[in-house]
Structure formats: C-alpha cells, structure tokens
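Q: Have a look at this one before I ask anything.
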Amino acid sequence: MATLLRSKLSNVATSVSNKSQAKVSGMFARMGFQAATDEEAVGFAHCDDLDFEHRQGLQMDILKAEGEPCGDEGAEPPVEGDIHYQRGSGAPLPPSGSKDQVGAGGEFGGHDKPKITAWEAGWNVTNAIQGMFVLGLPYAILHGGYLGLFLIIFAAVVCCYTGKILIACLYEENEDGEVVRVRDSYVAIANACCAPRFPTLGGRVVNVAQIIELVMTCILYVVVSGNLMYNSFPGLPVSQKSWSIIATAVLLPCAFLKNLKAVSKFSLLCTLAHFVINILVIAYCLSRARDWAWEKVKFYIDVKKFPISIGIIVFSYTSQIFLPSLEGNMQQPSEFHCMMNWTHIAACVLKGLFALVAYLTWADETKEVITDNLPGSIRAVVNIFLVAKALLSYPLPFFAAVEVLEKSLFQEGSRAFFPACYGGDGRLKSWGLTLRCALVVFTLLMAIYVPHFALLMGLTGSLTGAGLCFLLPSLFHLRLLWRKLLWHQVFFDVAIFVIGGICSVSGFVHSLEGLIEAYRTNAED
C-alpha cells in the first residue's frame, strides 16, 4: 500500500514538473526564444491547449448558470475538439475545408460572396502588370541594352515568386496540423511580423508605401495625359502643363466618388483598347523591320541611367498589394500558383517583345513614351485613345488611396487622428470633400512641376515597387515561416532581399539625380 501511494505521488510530482517546464518554455518562446527541445515544445502546446479548453469550459459553465442560450435550441452540445481555435486571431475559426476560412475583403466568413475563377483572377493580374506603363519599357532598353531584356525576364520570375510567398504568409497550421488561412491582407501579414512588441507598426509601413505608390500612379496618369496631348497636337499654342491642367479639370469629379460601379464598366473596354494600341505599335514596328538597328542594342550599360531602367521595369510588374484579396476571392485557391505562373510568363514574353521591337525601330531616338515616336497621323489617333484610357484609369488608384487614408486616419474610432469624413447619414462631409479635391490638385501640381514620365516611374518603382514586390515579401516569409523553410528557400529570400535593396537604393538615388538635373535644365519630355 505504501509503495503504491509513493508511486502515485511520484507520478503527480513528475506531471507537475513537466507542466511547469512546458509553461516556462512557452514563456520564453513568446519572448522570442526558441524552445530547447522538441519535447518541451510539445509539452507547451499540450499545456496551452488544455488551458484553453479549461477556460472555454469555465466560460460555458458561467453562461449556462446565468441562463443564457448557448447555440441553437435542441442542438446537441459541442463535442470536445469541435471548436478549432487559432492562436492570435482572438476568435474561433471555422473548421478546415470550410469556405468560411477564405473570405473576401478582410472577412473570414465571406462564403456568401461571389467567387472568381482562376481565369478571372489571371485577367485581373494581367490588367495590373500589362497596363499602359509598358510604354516606358523601350526607354529602359535604351539605357540597359540586352541587360535590360534580361531584367524584364528576371523581374517577372522574382515578382511571381514573391507573390507566391506572400500568399504563403497568409496561412498557418492549426492544432490538427491542417493549413488554414489566418490572415486576409498585406497589412495583416505586416502586423503579424511586428507582433507582439509593435503590433501595428508593420501595417502602417505598408499603408504608407501603398499610399505613395497609388498617389504616384495618379500623378503618372496626369503626366502621361499632358505629354501625349502635347505631342499629338504640337501646332496648338498649348503647353504640356496646360494640357495637364485640362486633364485634371476632367478628373475633378473623382472627388465625389462613393464607389467604383460607374468606372468599373469601362475597365474591360480600356484594357481591350490598350491591347489594340500595343498591336498597332508592334505592327508599325514590324513594317519597318528592314531598318531595325540590331547593332544599337548594346551589352554595356549607362551606369547613371540604368538604375532608372530597373525602377521602370519593376514598377511595370507591381501587383502584390492586391494579391491577398484576389486569392481570397478565388473559387479554387489551389490554382493560384498556376495562375501566377502563366500570367507572368505571358507578361514577360509580351513586354520583352514590345520593348525590343520598339527599340530596334527607333534605336537612340527612343523617347520616354514610345508612342511619341510614331508618325504624326498615327500618333494623334493612338495618343487620344491612350489619354482616354489614362483618364478612365485614374479613378481606380485615386479611390484606393482615399480609402486607405480614410481607414488609417479617420475611421479607427478612438485611435483616429481626425474626425470621420462621413456624417451619421452616410453623406460625405464638406471638409472630407475638400480633402479629396486637395488630393486631386496635389497630383496636378506634381505633374506640372515634375513632368517627366520615365523618371517618375523609375523613382516610384525603386522606392515603393521594390519594397512591396521584393523586400517586404521576402522579409515576411523569413520572419513568419523560418522554421519550415528549406535551405534553398532561405537562400532565395535572402538573395532577393539583398539584390532588391541594392537596386532600390541605387534606382532611387539616380532617379532623384535625374529629376534634379531635368529640373535645373528645364527639360521637357
């Protein structure tokens, strides 16, 4: 009897000791230190699960004691293990395999929202990376030669890879070893990387980068509109700055936008028109194939201007900022990788051919916007279509920038820096409308004082494009999935981060130097 009692006391002491060690290990793990052994990590996981179940049971007992309903009437009580709890989410998540896991618009319960196919998702990505900014790629070949062509391929490969690893950061394994979607946006990934010490720092950095990129995109649309109209009608006594003012006057109603229903109707027409314009440019270039200057395509680079070309190429591939939302709205998220592969392969081939053929046609006379090289009769028609596309494309980044600003500064309750832009009836307040108009005017002023399409595009690509497409995805991937990565994945992430950082700094510095030089000499595009 004494032996049996001693044995039970020993077992109890051992169990208490193991749980204490597991809790201590868990405390160090939460502080950022890795557990010493796998057994301790397993012990911490079991202890944490038991602690959650115990607390959940206490809460349920209290609710029942108070007479509050717990679920549907007549329903069977939940069996242990039916509740899937995800640490850090603050709420239970639906079981694995449920459509509730992959919601849209930042909600995990978005199964009632319409989903898109892989083809539709690919069309959205194609619109993002095959936009009118490809018109600046021949200018990148002018300063980069064959290395510029290689960079078009390299940027496609890297952006495709970083898009995939960014989506991988949305998922984690739950207690059952099942991979579930626990995040819904780029901002959520950034916040998870900076938690627990700075839980909102990462999201703010991403928001700032996103706002800069969106506003710079709006500025580029105004710049290219003024540039195209000025070169289409050189005989008119209207300067490029005046054309930019006229374009902005047309865009001023964007300040009154509440949604993009009206604008979205023109998106398909704009995209088709852009493809037609690209075909017309390539057809004209092919008609002059006998005069192509192959000897002008060089292997050496212009050290000062080539970094600007890197920014132009990177900016033409930016799509990472909306990929989490896009993947969350797909009917089959498992097809995301295949969709990314084909869209970036197609973009790489089309961009490479367009840039090379256009440069071979005009060689050293290649301008920042390639349509400015077309003959007068063709140029006017093509440029008018391009201006229409630019003006119809402007509301999309403008509305997105306004939404980010409103959510960051005006709609976070007690944490908001300024009062809400909307009244209780949902109407936009007068000062909120004033701020929107001020944003439109700001894009105009930037377009007037910095009317250099390629330099602005290179600056934006080097600053926010490289950050959102190269630096942050690789850094987040290493931070969130470090323990699961293979050695070659770690190598790729580190290499992309280092190369992206060098290209970003170099391109940013040289773009600024180019803008300063152009401003001093009062050069016009």
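The backbone N, Cα and C atoms fix where each Cβ goes, glycine too.
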Q: Suppose you had to name the range Swiss-Prot annotates as transmembrane segment; which of 243-263, 306-326 would you pick?
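A: It is 306-326 that Swiss-Prot annotates as transmembrane segment.
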Q: Compare the topological domain names that Swiss-Prot gives for S242 and for A518, and report whether both residues sit on the same side of the membrane.
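A: Topo match: no.
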Q: When Swiss-Prot marks a stretch as transmembrane segment, which of 154-174, 490-510 is it?
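A: Per Swiss-Prot, the stretch marked transmembrane segment is 490-510.
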Q: Take the C-beta pairs under 8 A between the transmembrane segment (490-510) and each of 133-153, 266-286, 462-482. Which stretch has the highest count?
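A: Result: 462-482.
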Q: Any residues 6+ beyond the ends of the topological domain 'Lumenal, vesicle' (287-305) with a Cβ under 8 Å from its own?
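A: Distant Cβ neighbours of the topological domain 'Lumenal, vesicle' (287-305) are 141, 143-148, 356, 359-361, 363-364, 510, 513-514.
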Q: Which range out of 205-225, 266-286, 384-404 gives the transmembrane segment (439-459) the most CB pairs under 8 Å?
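A: Top-ranked stretch among 205-225, 266-286, 384-404: 205-225.
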Q: I want to verify one value. Collapsing DSSP to three states, which class is Y186 (3'-nitrotyrosine)?
A: helix
Q: So, does the transmembrane segment (266-286) come close enough to the transmembrane segment (342-362) to give 3+ Cβ pairs below 8 Å, pairs being at least 6 apart in sequence?
A: yes
Q: Do the transmembrane segment (266-286) and the transmembrane segment (462-482) share at least 3 Cβ pairs closer than 8 Å, excluding pairs fewer than 6 residues apart in sequence?
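A: Contact criterion not met.
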Q: Taking contact to mean three or more C-beta pairs under 8 angstroms, with sequence separation of 6 or more, is the transmembrane segment (462-482) in contact with the transmembrane segment (205-225)?
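A: Between the transmembrane segment (462-482) and the transmembrane segment (205-225), contact is present.
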Q: Which value does the mean pLDDT take for the topological domain 'Cytoplasmic' (1-132) in this predicted structure?
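A: Mean pLDDT, the topological domain 'Cytoplasmic' (1-132): 49.
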